[in-house]
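K.L.:
Residues annotated as domain 'EamA' in TrEMBL: 59-197, 213-354. Residues or ranges marked as transmembrane segment by TrEMBL: 57-78, 90-110, 130-147, 159-179, 212-232, 244-268, 298-325, 337-357.
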């Protein structure tokens with residue numbers, strides 16, 4: 001009788017077990033173990049940034065429509081303060097409005113204490129959010145400051161339409177920095193907006209040098225809008241990475257502290273004296289700031305995160321027809337044929353770029369910038 005093989009050798013190889021045949025155990029070792037390691041590795045990785053769903057996209061579009069309405073009426077109110085109340089202080093007005101973002105801080109911590117705000121494990125902490133706010137704050141201020149000055153030099157309609165050129169700069173910067181996909185229909189939509197804005201500038205050239213300077217400042221503001229819009233999306237890929245409420249709150253604090261010396265210097269040198277500041281003016285600019293800055297910019301940031309920076313920016317072109325109506329009602333400025341054509345081009349551009357961007361977003365999982373952040 002031949003000697004029986006020593007089973008200890010098989011046990012050392014991990015194949016001889018009385019409860020399972022060797023083939024079953026081999027499959028278990030080759031498949032289950034890697035699967036277990038893969039699941040453990042996935043648990044350690046941060047969740048990927050969500051792509052805009054249809055519901056999120058619709059909410060984003062609704063947000064930008066609301067923002068367009070608020071911004072139009074805000075522009076009218078600013079002109080009323082500048083001209084009717086004779087308080088043309090664009091630097092102070094921009095400073096005051098941006099500083100009111102700080103009201104988001106107590107709202108954030110109250111919500112956190114009550115359990116309504118629950119930061120995720122992968123969300124930026126206070127220090128990291130402060131750094132982002134400090135980077136965005138000067139870009140934000142310059143964009144708002146130049147736009148506010150333009151309102152004192154040109155009409156609401158011209159300033160509004162020219163500001164929509166920010167879509168072109170946002171589109172270009174988003175392609176380069178955020179990996180947004182380039183398509184010809186998108187470019188066509190941006191081009192329509194540019195044609196509309198060019199018509200407005202040429203139409204205002206006959207109104208005097210003051211209107212032209214107002215148009216130029218509105219264009220500078222549009223460029224800066226594109227810069228800070230792209231910067232926000234680059235630093236905040238989605239709302240799970242950074243608390244929007246905390247970000248805006250800290251942005252307000254950075255603005256209030258950093259620019260206060262300039263406000264005081266301008267006051268005492270009579271560059272922008274605040275001696276004419278009345279309770280009525282404070283009340284009006286406070287209401288304007290709470291709606292136009294705190295509420296509208298929060299909704300605008302959500303619309304940018306829920307759609308794309310290009311869509312959110314070009315969506316503000318919806319202010320064009322509202323601006324035409326406001327100029328007609330308040331100042332009896334009848335829209336010219338050029339203004340109407342310009343408005344039609346801008347609105348058509350918004351519709352085209354919104355539809356094509358949604359289609360591309362559905363087909364493309366994530367932009368490269370968001371993959372890198374994840």
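Each residue, glycine too, has its Cβ placed from N, Cα and C.
Describe the structural context of each listed feature in the structure shown, including burial, neighbouring residues and relevant distances.
P.N.:
A mean pLDDT of 86 is what the model gives for the domain 'EamA' (213-354).
When Cβ-Cβ distances below 8 Å are used as the criterion, the transmembrane segment (130-147) is approached by residues 90-91, 94-95, 97-98, 124, 159, 163, 217-218, 220-221, 224-225, 227-228, 231-232, 235-236, 242, 247-248, 250-251, 253-255, 258-259 of the same chain, each at least six residues removed from its ends.
Packing against the transmembrane segment (159-179) from elsewhere in the chain are residues 71-72, 75, 147, 150-151, 186-187, 190, 193-194, 196-197, 200-201, 214-215, 218-219, 221-223, 225-227, 229-230, 233-234, 308-310, 313-314, 316-317, 319-320, 323, 339, 342-343, 346, 349, 353, 367-370: each is 6 or more residues past its ends and has a CB under 8 Å from a CB in it.
Long-range contacts of the transmembrane segment (212-232) within the same chain: residues 135-136, 139-140, 142-147, 149-154, 158-159, 162-170, 172-174, 177-178, 200-201, 204-205, 301, 304, 309, 312-313, each at least 6 residues beyond the stretch ends and with a Cβ under 8 Å from a Cβ of the stretch.
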K.L.:
In the domain 'EamA' (59-197), how many residues does DSSP call helix, how many strand, and how many coil?
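P.N.:
Helix, strand, coil within the domain 'EamA' (59-197): 112 helix, 0 strand, 27 coil.
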K.L.:
According to DSSP, how is the domain 'EamA' (213-354) divided among helix, strand and coil residues?
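P.N.:
Per-class counts: 117 helix, 0 strand, 25 coil.
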K.L.:
How about long-range neighbours of the transmembrane segment (244-268): same chain, 6 or more residues beyond its ends, C-beta under 8 Å?
P.N.:
91-92, 95, 98-108, 111, 117, 126, 129-130, 132-134, 136-137, 140-141, 236, 274, 294, 297-298, 301-302, 305
